[in-house]
Structures are given as structure tokens and as C-alpha cells.
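If you look up TrEMBL, you'll see 31-121, 122-236, 237-345, 359-473, 474-579, 579-686, 687-804, 806-922, 924-1045 marked as domain 'Cadherin'. The signal peptide annotation in TrEMBL covers 1-18. Residues annotated as transmembrane segment in TrEMBL: 1146-1170.
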Amino acid sequence: MAWSSLVLLPFLLATVSGNTAPFFNMTVVYVPEDLELKQYAFQLKAYDLDNDPLSYKIEGTDAFYFSVDATSGNVTLKNYLDRELQPKLTLTVKISDAVNSDVPKPLVVIVEDRNDNAPVFQNLPAQVPTAENTTPNTILYSVVAKDSDAGNASKITYGISEVIPDNKENYQLFYILPNGSVVLNGSLDYAKNTFYQLSILAQDGGGLLHDKWVIQNSSSYLSLTIEDVPNLNPRFLKEPYSGSVPENCALGTTVLTVIAMDPDTGVKDEISYGITNASVPFVINPATGTITVSGPLDREQLPNEEVLLEVTAREKNLDIYGKIAQTSTLVTVMVTDVNDNKPQFYNCFLSSCNFSASAENNFRGSIIEHSSSGLPVSSLSIVAHDPDKGINSNYKLYLQGPNVDAFTVSPATIVGTGEVQLLVRNPSLVDYEISHVMVVQIIANDTGNPTDCCSTATVTIDLTDSNDHIPEFPQSTYNLTVLENSPNGTIIASNITAYDPDSGDLGRITYELLPESIRNIFMVDANTGALLVQNGNLLDRETRSIYYANLQAKDGGGLVGTTVLEITLLDANDMAPIVTGSYFISVEEGQNVSTQIQAIDNDKPGDPNSKLGFKILPGLFSDNFTINTETGEMHSKGPLDREALEDERGQFVVTVEVYDHGEPRLSTSVNVTITVGDLNDNAPMFLNQSYEFSVFEDSQGSFVGEVEATDADRTDINSRISFQLQRGNGSTNFLIRSSYEGPGHYSGNLSVDPDLSLDYDSLQQKFFTLVVLAENTAAENVGDKANVSVVVHILDVNDEPPTVLQDSLQDTNVAENGTQQGLVHTLKAVDPDTNHSLVFEELGFTCFKGERSAGNVCLDWFVLTPNGSVLVNSSDIDYELCDKVLLTLRAEDLYTEKGNRYSQNETLSILIIDVNDNAPVFQAITETFVVVPEISPVDLQVATVKATDADTGPRGTITFSIISVVLVEDNGASRPFQNLFKVVKTFKDDIYIGSIQVASNLDDSLKGQYQVTVEARDEEAPVHTAQTVLNIFTVDESYRVGLQFLVTVDEVQKNSENIKLALTSVTKAAVYVVAIQSLEDTRATQVKVKSEMEVYFVYSNGTALDIHQLGRLILSDPLGLAELMKLGLAVIGSGEVTKPTRETELIGIIAGLAAFLLIFILIMTLVLVLTTRSYKRKLSAMKALKVATTFSPVTAQQGAGIPGTNQANPILNRPLDPSHDLGFHEDSISMTSMNSLDENTVNAPADDNFEVKQVKVQPTDSTDKEVLVAALNLKEPTKVAYINTTFTTTDL
């Protein structure tokens, strides 16, 4: 090639540039569901490398909810959100720069939960029937509420806020478990309440709502209808029962009705009645309880007019215990009298009448004629009787008959029963000479019984005739004696008789004592005249020792003769001794008693009947005394003890008997009353040997218990007791107050000091042992006191918060992917209170991946139950999303009575354990790999792969291997190879890198590309694998170019780097030097070459330059050519070199200077043009310039043939077959560089001293186009860029 052909004018290189489309990288935004209308939601933000003004709009179904400001991209809420209806929205965002077409991008809007929903009951309100005998702790109903919110706001706790009927007892009758189970806490009683209404409160765990922490709750009612059970006996109403029924009433007459009811009002069992008495004239209706008369009723025949009936009420069915439910009551039936009996007459004496015998209608009596008025008819024993009662037994008596005027009846009126006498009314009518016999009828008339009122008794009266001779006694005076107190009927004289000469009845003598008063004491036998004692009780010698009486003898005619009787009473021991004076003795306790009993006897003095003796009668205190039997002196045997006396006044009585020596012996007793004065000689005594009480802690002033003591002394002052606490263990915590209970009986009320508080938890011993002293306040010596031990147990009040045990908060491990189910950990809590019920409450979960928050991904992975069990709640546990879950919790004491019911908030760390659940993932290959076999020694890296594994440890350790190597030749044929390449693994920045290296010598004659299949495998079962295929283009030896230099091999080697740099600058290809060797120039040229450098020119897309293409590029770059010539380049290939003449050299120098001056002028012009545009526009231009300047031939789509392919070379502008893919697609590096402005500098070549002139590459023919232009024309209109490798934005 002639030298002159290397001198060319520079051309400006025109490249393609353009306006890039906006870039939008938002994929997900989060919006709270409680956002208000027109409130800011989020901002759409896109980037435009050209800084064009952008406009935004949103489309899609879900765009209904939002409005967007087209200019700012601010999105506001247009319609209300509801996460529970639609948790995720999808928008299509379109960004326009008014130049390019709209860029549509999907945007996911995640609606964040807010606590805007209250719990909703699923099964309330409800009405639940509950049996009355339901046992305590039975679950009555399980309440279920749901909250459609998420996380802590969906966790529901239950409570009972109200119980109707509203009282404390009912409120404590039920409680609810954390799972919603309503539990009976006591016993139900249908009789008290048949219905309960529980207000159930459901409350969520709280959450944010409008930037405030809100707890939502709702309530509903659970109605419990108590069902009665037969557990009670029937009960009679309106007791006591009493009724009356008249005798002789008709059968079936109703007496009364008893009413019994079943107290089990919800059961209302059928009740039957019965009478358990036997043989009563009454029956009861089993169904109604009506008592009626079942037999004849005759009050007079009944044992008692009050009849007691025992009535039983019995339920039809057995009760719940399998027994008959029954009860009894007494019914008093008064059988009232009816005037159904008339009075009747009986011949008997009143004291001995038998009214059950038959009545009499005829009676007979007698009377002496002319008897005095009022004298009763003798020999009559008439008794009238009416068996009726009360006023019904009242009747009148009157006489009828022919002699009614001579007599009268007495009494005129009788109630019930009475003795009836006939009395002489008119003596003149009683005349023997008129009639020897008189007859009258006694009428008994019951005026209240008009139907059967009367009875009649006919009385026949015989009259006795009188005489006219006087009887005479032999003596005018008789001296008689009789023993006083003689028994009635004692004969004093049996032969005192008179004589009457009258015969017959008139001569018959009867005797009578006069005066009449004497007859109270003495009596005479009327026939014999014998004198007898009538009433011996009146014969008292001490009252009257002599009696005088007239004994009258009367004959049958009524003539009388008399004699005087002197009756002397003989003494009998009939006078008991008489005690003179009273005996009331007062003595002090502990002293002796002495006294003398004084007595007299009124019997005959000097007689044994009046001689006295003394003795103490048996009694409570008789053994404590002695008495002189003759003198009556009485002494106590020892000092007296006041406390031995039961009497409050200290009195007791000793009875002394005073007796005489007569026959029978008579006696008199006298009470000696002794009052013993009390001395304080007894110490108090407690009723119990010890006491034991209990009291709740923290109950200032509360009553603890009562001790009791007595003092045997009998007076108030001596028996008064005061209590006090002996100083000792805990005594200062209590007070004791004395209280009077009765004589000598006091109680001590023990209470907690109102100024002190007892704390159960701080006490080492949970009880106090106190000593209570009981002291007699009147005691004169200190020893008169008693003590007793009192143990006071302090009962725990639930006032301490629970504590979660730290041992149960140790980290727990849970494998991912749901490989662990159910219980994974158990929390434990303690409470110092003895009565506690602890439950755990979940406050929230926090998710972490490493040290960073993992958002809300883990919120539903676990659940904490009230009993402290941590359960797996999801099979979606993913270590790769979250490796640590912090559970914030606390314990709650449900039985807390006061104080804080919650423990401190605690945290449990749940560590997620990784399992091998992820396969290795290859990163996208963005490079094109080229290998030049001739210069590719063993171990040379020709390609790389990168892979990651989301698992950790051995599960995420990747091993690379080459599965296959296939050479795809130009003609489409495939050839497999073995052991041609190997892979070496390295690890950097959590990425495994596989270096594909040459394993054996490559054949440099092969043309095509190697398809290398690389496998990545992790190391723990189950093993996961992934594969990728690498395309490695091979450049064969036909693309080796020889460059001949005028300098020696040493100089070429010395300048080899500068030569490579110049060649790279000219060709934009990678320069691979195969060899540098000396050359013997045998050619007939004017140029003397001395060495040759064999070189490959390879582009990153696998294409290479042949000698012709290389020559064309060098000749098109005058500066590059000048630099190469300066370094000694003489010949490209084996062509001849003509040594330039001095004229030629001068022309070359002038041409170079001219080119330099032109480039300088163009640069200055370019600066002026560029500064007129905005900085950002210039920046975009410079970036485009960078693309053009640093544009790699890998992007070329046209040009000369690519080594190993049938494609055109990108530099020499050969026609491009667009049907063959050279890797120019959206994933290539070149396209990435074209479509993203991620740098703001235009890179210069590595050698800053290397000058690049602005040139223009002119196609050799009309069909050829510059490769970059051709590539870009396939995508968008032609654009212009400027190439200046030394021009940067900093220079601008």
C-alpha cells in the first residue's frame, strides 16, 4: 500500500442520539385505610434523563379511589378505602414527557389496616335455657366474636360488664374465659331468679385510627332462662288451717279447702291430697284439697269437739333425687254444737251420774205434813242434764200438776247439768189429812229447741202424819268425851235414847242435835240416838276444848224432848310446831354461819305432843350445815363460797324441820335464807384454750375475731373483765376492745389497727401469734389475770401484679415453612398472691430480617393462647422474609382485686430456623463472551456466572459444575465436547461466582460458538439445582492480522502497550497480541521492516476484524494512523511499503497541522453551541456522546463478516442481515447503556495524551450505513451526537 494512500482528510463522525423515555421504578405503595377524602395518599415520582416536564395519570378499575395531580404526581383519596373489602388495589400509572409515548407501569397499592372495626358477635344476642341444678364451673355458652381488622386489632378479649338483675351476688355468679366461654360461678335458684341477662363485652387489642391509639369494643346480650327442676317439696299456703262445721250436718258438707303449691314454679307438678288420720268422719278431694264431711257428726259423741286432721300434699312425679316430694300440715276442724238435744232427768246424785244410762221420768219422795216453807222433799235424787254446749244447754224448770201450788222447783234455770229439788212452797197445803200423797210434774223446757224442747219428770210425794207425845231422856245432862280430830263417824255415845209412848209412826223417835251449828261438828243417829263425830276437822282442842249441845228427840208426831250434852275434847297431837321469827342471814364470803331456830307447839304443855326436835331437811346445801336436835342451834361446817351459788344475789336457802314427839309426829319447816357477800377471789378464765382467726391483708380496722372470758365472781364489779394484748410478735398491728355479754361474761373484739396495713407478700410468716390478757379490773393483786394464745392468719388479697418467669422467655427456635405445627413454646408466670388466675395477653409481633425490620410479614405466623402456649398459626413462615419474631406480651391476673392486674411487658424472641427450600438462582447474563483459542491457555477465564441462594449455611452454599459443552458451527451443526472448560467457584458480597476457565487447549480452526451448560447445586438435602447456558463465541485463526514495523522487536515490545492503546483507540476492539517476531525483509520495497506483530482484533459481541477491515479503520482515523506510524507501523499485512520522499513527508505534516486546526475550530464552535442549551440538555448530549465515544462494537449490526459467524462486521459497514440475532436485544449491555443515563461523564480513552480528532466515517457505498446508526434506526429516528474522548461535562 502506497504511503500516499494513508494521508486522508479528517471527517466528522456523526453518531446517533435521541430523547429518552421517562423512567418509573415505583412498584408498591402503602396507604392507610382511614385516610380521609382529599387527603394526601402518596406521590408518583418518575425520572426523565432529558429533564422533560412530566405529567401523570392513573387508570384501571381501582383508579376509582384516587385522584392524581398531573403535574406534581401527588395522589389524593377520592373515595373511601376499606381494607376489609379490598386489601390490595392495582393501578396503571402512565407517565408522559410529551415527546415519547406514554409509559404504562403497574403500581400496587397496599391498603394498610387501621383499627376501624369493632368486634362483631357471631352468636349473640342469644337466649340459652339453663337448668336450675347446673353445677358450678359448667360452661353455659361459648361466645364468638370476630374482628375483621388485622394483627393486634383483631385479637379479642371478652368480659361481662353487667348482669341483670343487677346486684353484687348476681355479678359474681358468672365469669367469662378468654376464649369466650361463659362459666357458672355459683348455684342457681329458680325461686330467686328465673332469668339473667348478661352484657357481654368484646374488646379488640387496639390499634391506630386517625393517628390515635383506639380500642374498639362492642357488647351484646346473653339471656339465660333458668329452667326449674323438681327439687323442692310442695308447700301449703295460708297455714295454719282451721275450720268449723256444725254437728249433724249433711254428708259432703265442705269444711275448708287446703291449697298446696309446687315451689318449683317452672315445673308446676300436679299435686294430690290425702288425710293420713284413720277413722275420722272427713275426706279430702285428692285433686282440689277440699275437705268434706264423710260420716255422721255428733258433737256429743266425739272425744273432742276439735278434730285434728293430718293432711298430706304429694307431687305426682318423683323429684330429682328419685324421692316422693310431699309435705304435711295439721287442719283443725271445730265441730260446733247444734241444739239437737232436749234436757232429761236422771235418778242419781250429781257427783256420780251416768248420763249414758237411760233417763228417768218417775220419781218418789216424802215430806212431813205442814213442813216449813222451803223445806225440800226428801228421798229425791233428781239430776237434769242437757248434753248440748253453751247456750244450747240452757233450759228452764217449772212445775205442773194438781199440787203445783204446794211446791216449787229449784233451781228455775240450769245450764247443762244441775241437781233438782222440790221445796215446800205453801206448808198449809201439805196436809196429811187432805191427802196422803201429792203429785207434781217437773217440766224441763229448752226454749232454743222448739221442735223437741221438753222433758217431764213426775214426782210422787208421800206425806207423813205428825203426833202429840213428847219424847223424854233419862238424864238431863250427859258428860261426854271425844278425842280431838277424831275421824268422821266416830261414836261418842251409843246409848243416849229417849222414850215416846206414842205408837206406830207417831211413837217412833228420831233424834236431832241442836243448835243447828253444832251439827257441823257432831251428828246423831236419828233412829238410835247415837252421837257421832260429823266433821272431825273441826274438833280442835287448842281452839275449843268443850262443846255443849241439845239432843232433841222427836216422835212421829213431831213432839220434841231434849237433853244437854257436854262434850269434852281430849288432846291429840294435831298441832304442828310453830317457828317464831324469820331467818335471813347475811355473811361475807369465806365466813361461817351460826343461828338458832326458835319454835313453839300449842299442844298440851308437858305432853309429848308439845315436845320439839330439830333437823335439817335434805337440800342443795344441807350437807354444809349441822343443827342441834334439841336446841335448834345451826352452824355451817365451813366458810361459804359465793361462787358456788347460782343465785345472782348470792342467796341460798337451808330448810330446817321442827317436829314434836307426839303420835303421829307433826312438824313444821322453816327456810333459813343466807345471803353471801361476794369477794373478788376468782381470776378470769377464757372459754377456749386457744383461738384462731383469719383476716385479709390490707384491711385496716377490720374485725378479726372475738375471744370470750368469764369471771366466777358474782358481782359486777368483781366479775368485770378487760382485755389487752401482751406485747410481742405483731401485737402492735391489732387492737382489742372489751364488750359486756352478761354477768361475769365479757368478749374481746380483736381488730386490725386502722392506722396500719398488713401486707401478705412482705410477711415472712403469714400469721401472728398473739397473747391476749384478761384482767379483773377490781383485782387487788396482779396475779388475777388470764392469758390465751390467739393465732391470726393473714389472708392474701389479690393485689400484686403477676410476673412472667424469665426462664420461660428464653429464645425459641421454629423451623420455617410450617414444618413445625402446634405448640412451640410455653410461657410461665407467677403471682405472689395465693388466689390468682393468670392468663397471657399478646400485645404484638415485630418482624426482623437480620437487623432490619421485615414489616408485617410475620403478624399471623404465631398466636399466644391465654394459658401461655405459643402456637404456630401459619404454614407460611419464611426464613428468607423474616428470621426473628419478637413477641411482646404480658400476663394478666383475672382475680386481681386491687392494684395493677398486668405484669411488665416482656419480649419473647422466636428465631426462625432456615430449611433448604430455595433453589439457586442465576443472575442474568448481560455480557457476551468471546474466546480466541490461539491465545487462550489453560486456566484462562473466558466467562463468568453468578448465582445466589436465599437459604443460609450449607443450605445456601452453591457448587458449580459444567454439565455439557456443545459447539454450534456456522452451518448449524452441533458438536459436543468433553473437559473443554472447567469452573472455579469464588464467593463475594453474598454472591457465588463461577469462573469458566479453559480446561484444555482449544482448536483455533473451529468457527462458531460454544454453548456451555452450567449447573448450580446447593449442599443440603433436599438438594436443589438450577442451570444456565453460556454462549462463548470463538474467533478462529483466519482473523489473525500481521502488523509490520520499521523498528526492531525490542522496540516493538517496549512500545507494545502504546501500540495496543493506539490500535484500541482506532478500532474500539480488544487487541490480543499473539506474537512479536523479527522479520527479514526480502521484499523489494523502499520500506525496510524489521519486525512483525501478530494481532487479533475482537469485539465483545464475538465479532473480529480481518486485515481489510483493519486497514480501512486505520486509514479512516488520521490521528490514529499518525500515532501508529510514529510507533513504527509500516505495513498492515504483507503489502509493500514505499518509503516517502521528503516532499511527501512535508505534505503529510502540513495535512496534519491543517486537520488539527480544523478540529480546534470545530471544538470551539461546538462549545458555543452547547452553552446556549440548558445544562441538563448538555448533560444528556454528553451522555449520548459518551455512548457514541465508548460505543462497543458489540452493538454493531452491520459491517464485514464476524469471525465464526455469517454476520457483517460492525465497523466496515457491511450489509446487516437483521434476521440473525447477534445479541442486540433489550438485555444487552449496549442497550442498557443507551436507555439509562446513570452516569454524567463522557469517558475518554485510558491514555489522556492520546488525541482524537473529529472525523466522519463515510460509507463506501450507498447501501452501507454506520453500524450504530443502523442499529438505532431499527428502534427510533436518527439522532446526532459528537465524539470527543477528552470532552467531559466538567469542561462544560
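For all residues, glycine too, the Cβ spot is worked out from N, Cα and C.
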Review point. Counting each residue once, how many in the domain 'Cadherin' (122-236) are helix, strand and coil under DSSP?
Key: 8 helix, 57 strand, 50 coil
Practice item. Tell me the residue counts in helix, strand and coil for the domain 'Cadherin' (31-121), as DSSP assigns them. Key: 5 helix, 40 strand, 46 coil
**Study point:** Secondary structure content of the domain 'Cadherin' (687-804), with strand meaning DSSP E or B
**Key:** 10 helix, 60 strand, 48 coil
Review point. DSSP says what for the domain 'Cadherin' (359-473): how many helix, strand, coil residues?
Key: 7 helix, 56 strand, 52 coil
Study note, to complete from the structure: Looking only at the domain 'Cadherin' (474-579), mean pLDDT returns 84
Review point. So how many of the residues in the domain 'Cadherin' (806-922) end up helix, strand or coil by DSSP?
Key: 4 helix, 53 strand, 60 coil
